[in-house]
Amino acid sequence: MHLAHDILLGLLAVIFLVSGALKLSGNPKGLEGTRDVNIGDRVARLIGLVEAVAAVGLIYAIRYPEELIGWLANLVLWIAMGVAVYAHSKANKMKSAAPAIVLLVLLSVVLVIA
């Protein structure tokens with residue numbers, strides 16, 4: 001179970017690091033998803049910062065699994081994905097919420113098998 005946990009953490013860390021970096025850079029492709037649900041660019045960049053920092057926390061958790069940082073990073077990302085699903089729902093764009101839902105499920109799995 002430990003190996004599956006580490007693989008999921010690594011996969012999630014890469015996904016959130018890339019996603020966060022794209023939002024932070026102001027890349028139109030990275031901001032497209034947040035613009036679709038009426039979230040401003042400044043807030044999107046803040047979300048990108050949170051994603052990138054939490055991704056580093058997930059990487060830290062692979063090396064130091066007994067530390068609380070990994071669990072907190074996972075929880076922060078879980079909340080962020082829950083808010084993303086809510087934002088898509090509120091904007092009546094649930095079809096584009098699929099990535100956030102998949103990530104929410106994967107984060108939930110990591111929390112359960114931790």
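Any Cβ shown, glycine's included, is placed from N, Cα and C.
Bear in mind that TrEMBL entries carry predicted annotations, made automatically and left uncurated.
According to TrEMBL:
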- 6-22: transmembrane segment (TRANSMEM)
- 43-62: transmembrane segment (TRANSMEM)
- 68-87: transmembrane segment (TRANSMEM)
- 96-113: transmembrane segment (TRANSMEM)
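Among the stretches 6-22, 68-87, 96-113, the one making the largest number of Cβ pairs under 8 Å with the transmembrane segment (43-62) is 6-22. Tertiary proximity for the transmembrane segment (68-87) is limited to same-chain residues at least six positions away from its ends with a CB under 8 Å from its CB atoms, namely 9, 12, 16, 37-39, 47, 50-51, 53-58, 60-62, 97, 100-101, 103-104, 107-108, 110-111, 114.
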